[in-house]
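*Asks:* Here you go, one structure.
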Amino acid sequence: MANLTSVSGFLLVGFSADRKLQILHALLFLMTYLLALTGNLLIITITTLDHRLHSPMYYFLKHLSFLDLCFISVTVPQAIANSLMNNGYISLDQCILQVFFFIALASSEVAILTVMSYDRYVAICQPLQYETIMDPCACRHAVIAAWVAGGLSGLMHAAVNFSIPLCGEKVIHQFFCDVPQMLKLACSYEFINEIAVAAFTTSTAFICLISIVLSYIRIFSAVLRIPSAEGRTKVFSTCLPHLFVVTFFLSAAGFEFLRPPSDSQSAMDLMFSIFYTVIPPTLNPVIYSLRNEAMKAALRKILSKEEFTQRKMHLKAIFKL
């Protein structure tokens, strides 16, 4: 491996140096990426076309799917290209953009998940005030706040992380520009600002987690008082998928970012990075679709022959105009 101390970019060390394993890794990531792309685009399409799904819950779900689509696109296509070309080099500008968008989208996703838990809390525990509290204007403001907060978080991390002097060879033992891995390249005692920013971000994520937990404690206490078993099943079908997504995403990301850094590459680092970068955007559409009868009914309606014919005729009428 050439000396990289004088190079402006970084070398991303992926899963293996073996060429056959690199091709296998690229194919697996490509299939996963296409699955995530298809699933999230399908949810965005369904929640946009079906007027029965024009409610706050599906409005937030549409934005979550768009976030997932962007989130997985930040890291996976670059990793596929690096494996196929057997070249792990990434320029400084590419790395800065990757860190910015990765942190911004991850932070926005945590914020959206928090808003979604509050939406479920209001719908179940305060149904009479639901339309007043979760009116379209409030939903739009919540989504805008989530995107702005994520953007500010990404900007802080990118600005502070790339102002730190680096010592030694610029080798990142990950398949993307991961902040914890990049901190290992920093000179001693030079990354205190990044630690402060990371502590602020972690504290904010912890507050979001506490809000989600409190919302679900109240939700489950209210659900258990519902006398009808059918009513409890209906509520659980909308809440449990969201709870699973939140737990999986935050636990994997929290483990990776909060555990003490090590000086050597570990298979555990790569495994947990996949758990919070690749798996959630891929599984979210499956989880929300399989457990949600309204989503399945909307999908069947869109894919039906009659609906397809009606939309085709509608498009022809538009183009004639």
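Heads up, the Cβ atoms here are built off N, Cα and C, so glycines get one too.
Per TrEMBL, domain 'G-protein coupled receptors family 1 profile' is recorded for 39-288. Annotated transmembrane segment per TrEMBL: 26-46, 58-76, 96-118, 139-160, 195-217, 238-258, 270-290, in sequence order.
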*Asks:* Cβ pairs under 8 Å with the transmembrane segment (195-217): which stretch of 58-76, 96-118, 139-160, 238-258, 270-290 has the most?
*Replies:* 96-118
*Asks:* Out of 58-76, 139-160, 238-258, 270-290, which stretch touches the transmembrane segment (96-118) the most, going by CB pairs under 8 Å?
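*Replies:* Against the transmembrane segment (96-118), the leading stretch is 139-160.
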*Asks:* Average the pLDDT scores across the domain 'G-protein coupled receptors family 1 profile' (39-288) and report the rounded value.
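*Replies:* Its mean pLDDT is 83.
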